């Protein structure tokens, strides 16, 4: 919008609609651009803070990598279900103790949930999963293996897309993300040799896709340094496991993690310098007053 005509002598233009003025409808004076503002709501990011926040993405990528590696080891007969169940049980107990120790039990006290309730939920889940493991083993017998692998890959990709990384976005859905991960675990578990393998695989999926992120969120909020250390160790463990299967895959996965945790934050910081949002009197009006009293 520009100054359409010269101002009328002896009369000053006013930005009002309730008064008739000797000016065209599209007329504005030279004061129009005085209210121009740039990047009013732009956020200033620090590189270290962005790298820290990218740890959630790195953690979830490593979780998917560890899950797929565990399934591959069990399918190849290099990992017994008893060994995996024992290791998962020990790690779950350690994580359960650490979950309460991080905040001194304040979170449990606020939620009002008791340890007995946690134990009952665990026993019920384990009993139902073990009882239905023969069904899970034979659930997809009529589906080809290639289709199972494709479905599992798509479900794990959807899990990564919809996972709650801490962003306030419409695409975020923790429930959908967890359901897609469990669906992928059921599909992959159906291709394992025995029903016991399927039971252990689904149980392990619940631990790494449901319980592990809860512990990580608490560590991130309460002890940031410990969270960074756990993230680095978890990434190294995932890379070491992947290297035993494919050295090329380990190199590519390491490059992906470095790009997400180091290169992408740098690109974000650089692109923020090029941001140029303008605000002024042409913006839509925003009603900031509480109008709820008119709805009664």
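FYI, residue positions are counted from 1 along the chain as it appears here.
Glycine is no exception: its Cβ is also placed from the backbone N, Cα and C atoms.
TrEMBL does not curate its annotations; it predicts them automatically.
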Any idea which of 175-193, 251-269 is down as transmembrane segment in TrEMBL?
251-269
Among 144-161, 198-215, TrEMBL marks as transmembrane the stretch 198-215
Given ranges 16-36, 79-99, the stretch to which TrEMBL attaches the annotation transmembrane segment:
79-99
Applying the under-8 angstroms CB criterion, which one of 47-73, 79-99, 198-215, 251-269 scores highest with the transmembrane segment (227-245)?
47-73
Are there residues at least six beyond either end of the transmembrane segment (47-73) with Cβ under 8 Å to its Cβ atoms? List them, or say none.
79, 84, 156, 159-160, 163, 165-166, 185, 188-189, 192, 201, 204-205, 208-209, 212-213, 216, 220, 224, 227-228, 231, 234-235, 237-238, 241-242, 245, 253, 256-257, 260-262, 264-266, 268-269
